[in-house]
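Student: Mind having a look at this structure? Questions to follow.
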Amino acid sequence: MHRRSSGSPVEDDAEDSLSSRIPPEPSNGPNVVDTPEKSRSQVARTGTSIDLRRDATGASTPRSRNSSMWRTPPSSSMTSNPPDCKSSSVMMPLASQRLPIEASPDHQRRYRPSRLRSPWPCSILTAFTTLVASIFLFFILRSFALRQTGGDGCGVPVMSPTFIRMVGFDTEHTRFASKYNLYLYREGGVDPYSQENLGLNGVPVLFLPGNAGSYRQVRSLAAEASRHYYDVVRHDEDRLNAGTRSLDFFMIDFNEDMAAFHGQTLLDQAEYVNEAVAYILSLYHDPRRSRRDPELPDPSAVVLVGHSMGGIVARTALTMTNYQANSVNTIVTMSAPHAKPPVSFDSDIVQTYKQINDYWREAYSQTWANDNPLWHVTLISIAGGSRDTVVPSDYASISSLVPETHGFTVFTSTIPDVWIGMDHLSITWCDQFRKAIIKSLFEVVDVRRATQTKPRAERMRIFKKWYLTGMETVAERTLPRKGVSGKKFTLLTNQQFDKSGDHGSLEVLFCSVFPLQNGKPATAFSMNMDFSGGTSGSTRLACKNAAEDGIHLPASTPSSKRPYDRVQPFSYLQYDLEDLAEHQFVAVVDKANSPTKGFVLAEFSDSSDSVIRARLGLGSLLSAGLKVRLPANRPMLTELQIPAVHSSLLDYRLKIIRKNHGQQQELFAPLLRQSVADPHESKFFVNVKNVNVNLHGLAPFMPPPLREQATLGGVSFHLWTDPSCDSTIDISLSVDIAGSLGELVMRYRTVFAAFPLLVVALVMRKQFQVYDETGYFITFAEGLDSALRSSLPMLLLAMSLLASSLATSTKLPPTDDPFHWRTNSTESPIDFTKNDLLLGSQDAFFWFLVPIFGLISVGVCLVINYVALALIFLLTSIYGFLRSKSGYIRRDEKGNLPIFSSASPRRRLVNSAILLALVSTVIPYQFAYMVACIVQLATSVRASWHAKEAKSTTHYNFANFAYSIFLLMLWILPINALVLLVWAHNLVVHWFMPFSSHHNVLSIMPFVLLVEAMTTGTMIPRVTTRFKHVTSMLFFFIAIYSAIYGVSYAYLLHHLTNILAAWLVGIYFSASGFSLSRLWRVLEGDEAVQNPASGSHTKKKP
């Protein structure tokens, strides 16, 4: 006979239609015996299973498994129990004055058969939705795996590393001496050192590894620094006299700590960095450890090089209280997520990021340099590009933090002579890249200054020369810029430009007439040429060498395949005509002694012929594409500007078709440069025909740049072709939809942790609505089907409209804000958090991603549902096997069921108190949450086994309820797992100091109490008053928050679910008549005998 935990269903047409989808099971007999409310309450709390057996008259008679006496339910007319049966005196009534529970037994027969369903079946609608979601997810993952990110052309470095631990940097200098270590790198056979003298004679450089990174990752950079100084620099007297010395590479061993997941760990590392910097500088004051020239000033600053989160640690160090002013003035980071934290699962990491970024923005917003503590600091952020699948390269942008006068972001594919995209690890060892880094550092150091580096403006000029292509508007030039001109001069050759005094083959000079005057020397310019031919004229040409402005381009020949092939690059010059206003002649001097195979192309071109601006929208580009034909009389360089192509979410296909090609031999094959102004990303394609275009432009969730106009230029394509060939060129650009799907993985990977919680919350909301109205707790699959037919589509539609409106509002200028008068005029008008909501997109075009993510989330939820059901089924089978093997169930009594037993209330209270006490002192609350998840899994397994054996409504209700709570907690578990992983790592490295955070007992107490309440097998009471809307509102609020803020502030999802758990605990306590006197009885041990909620079946003693 099926029994309900509380109440009976109410006649409701809507719920009746829901229950009537499944035909009722045939009854085994004509008679159904109903029990009164007290008997049903006892069944709900003790979990006692009832087996129907027929007597001689054919009537159904219940018998408890653990009782030897037959029990017949009293009739409804009975008002009291017999004197020898006092079960009513020891039972706690489910109903309460605050949360009355419906107790009418009417209409039970109509709903009961349809509710005893297996959790495995799902509706056709749910299955179809999951199928479509699986197709979408398959193509997204396939596109991500097959996307075109460029080949791996990195050379393998050669090194002979030696790491010397700084044992003197002990607890006297830092409290982290037992956790972290400081090392010095020495290259074997190159760097002289001994145990007594470390051989420090250069500029100190400190390397900071990233999240779970090793200090040994520095060996490729440090080895190149040692060998370059030994082979090149030390033989150059001019550079030595200019203050260039070797680089002494130090490195910190963070013990592979995970700063990306824990804000306090990030702060601890930054504190240790400042203490290490102070210790490193002190080493140069000790003549026993240093071989520096005593006439040189002692170093007062250290250059920081950080990889991944090491770059964030470097920036954080400058905001700490133990930071020595001006002890750091140069920071170079590689694949560092400056703009946003990689994951937002920890509140500390989100708040720490905000404090760091606010400090840097405020510092650079000061009017006067004396008020800016970072005035002398230069920050260079280098990103690997699309090959980096660990940290989105969009996050490496510092355009929202640092003005162009103090730093910039550049991609490795932009750096001259590198031209390679790199993954998260290869950026630390790639041979071409490490050479560029080290050479740039050697140019910025100056040991004649106490800061060990050149002034900030000079450092920025050097970094731009080494890291930018030279074609950017911010690139440094020897010839001063005069402004934008309508004409330009370009020169391309496959030879190298000679500097003044070099003995090469080609020299380019910009000359002006320089009449000599008496007493005036002719050495003011790099070269003076006399073309008078022996006549009496005194007019000469005074010239400047253009080699410093030379730009390296990848060599593009008919046999070229990749831009990073180890061949001699092309040399290129480009000037606006106004930049040459002071000169009258361009002299190209062929200095070769014998004929050489090569070419030189130079021309003056008009911007109207060389610049094409495509004025079309993204919709037109998506529907029809873009087609451009270049005429045969085109300039050597043609620039195609497409402002509509600015999003990081779309990929494109570019095709270049040459007409009438092959009639004349070309001097070089077409060369294409794809570029974005902010951040500085350039990609080169040699011998170009077909190009897969992907870029890092406007990306989701990125804060706006300090200069809003920086992102308005879109993408530009520079095409170099041989103008001597009489052939037209057709260029076509189309959106690559299949390739664009792969871009969603890196930009929206955390969405798949937030959006599924929206679906789970709406499903559980429907489950509680049906339960409060009918008394039946439907399965998760039924709830999902019901949500798909009602609330879920409406919520996704509302979120889509919200995403479109948010993207539209971000495009309005500050003056269009109707509330702009409320803002203080001294405050920055830029809202750096405006892209934190929902999709984080600044383009209303992508509103359709909301229903796509919702669709995928439904499929993911159903798949995880079946994975969890399979796990519970497996554990249930093992649990049942052990119970039967132990002899608890005999074969002849397999129809009889055991009682859902649990520990006494006193023991459960003590266990919970101990766990909470540990949370407040030693362990983080994330550990207690994991314990709660395990306990809830065990409860779900036991409930599933009892439901399968009992086949009663009460047991099915509780099994479905326990499973849904477990599924909800399972989706919250990843948010807590990362901090738990950091804590476990600290234990492994024998760091037992408790976290200074994550010990808030209130953050876990509701979960612990809810899980403990469910271990008794007690079904949560129904709420039939208006308080039932509170449950619905809490679930709905969790769903909305998951969609709007779930990506940027995922850690709050735990706290919102914690509030929900507190409400459910409140329902339990309200129905059980919780009071302080009862709590006292539990502590004294009396409740263990009287409270049936503990799971024990109490018998009356004779």
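Placed from the backbone N, Cα and C atoms, the Cβ positions cover glycine too.
Note that the structure is predicted; figures quoted are calculated from it, not measured.
Under the heading active site, Swiss-Prot lists Ser308, citing similarity to another entry as support. Residues or ranges marked as compositional bias 'Polar residues' in Swiss-Prot: 58-70. Look at Swiss-Prot and you will find Asn66, Asn824 tagged as N-linked glycosylation site, backed by sequence analysis. Feature annotation from Swiss-Prot assigns region 'Disordered' to 1-90. Taken from Swiss-Prot, the feature transmembrane segment applies to 121-141, 744-764, 790-810, 867-887, 914-934, 964-984, 1001-1021, 1033-1053, 1056-1076.
Give me the structural setting of these features: burial, nearby parts and distances.
Tutor: Counting every protein chain shown, 30 other Cβ atoms lie within 10 Å of the Cβ of Ser308 (active site).
Long-range neighbours of the transmembrane segment (744-764) within the same chain, counting only residues 6 or more positions beyond its ends whose Cβ lies under 8 Å from a Cβ of the stretch, are 140-141, 144, 343-344, 389, 392, 394, 648-649, 699-700, 780, 783-784, 786-787, 791-792, 795, 839, 849, 853-854, 856-858, 860-861, 864, 964, 967-968, 971-972, 974-975, 1035-1036, 1038-1040, 1042-1043, 1046-1047, 1050, 1053.
Same-chain residues lying 6+ beyond the ends of the transmembrane segment (867-887) with a Cβ under 8 Å from its Cβ atoms: 119-120, 898, 937, 940-942, 944-945, 948-949, 963, 966-967, 970.
When Cβ-Cβ distances below 8 Å are used as the criterion, the transmembrane segment (964-984) is approached by residues 257-258, 261-262, 265, 343, 345-346, 753, 756-757, 760-761, 763-764, 767, 777, 780, 783, 864-865, 868, 923-927, 929-930, 932-933, 936-937, 939-940, 995, 998, 1007, 1010, 1014, 1050-1051, 1053-1054, 1057 of the same chain, each at least six residues removed from its ends.
Within its own chain, the transmembrane segment (1033-1053) has Cβ neighbours under 8 Å at 340, 343-347, 350, 701, 748, 750-751, 753-755, 757-759, 761-762, 764-765, 768, 791, 795, 799, 802, 836-838, 840, 850, 972, 975, 1059-1060, 1063, counting only residues six or more beyond its boundaries.
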Student: Per DSSP, Ser308 (active site) is which: helix, strand or coil?
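Tutor: The three-state answer is coil.
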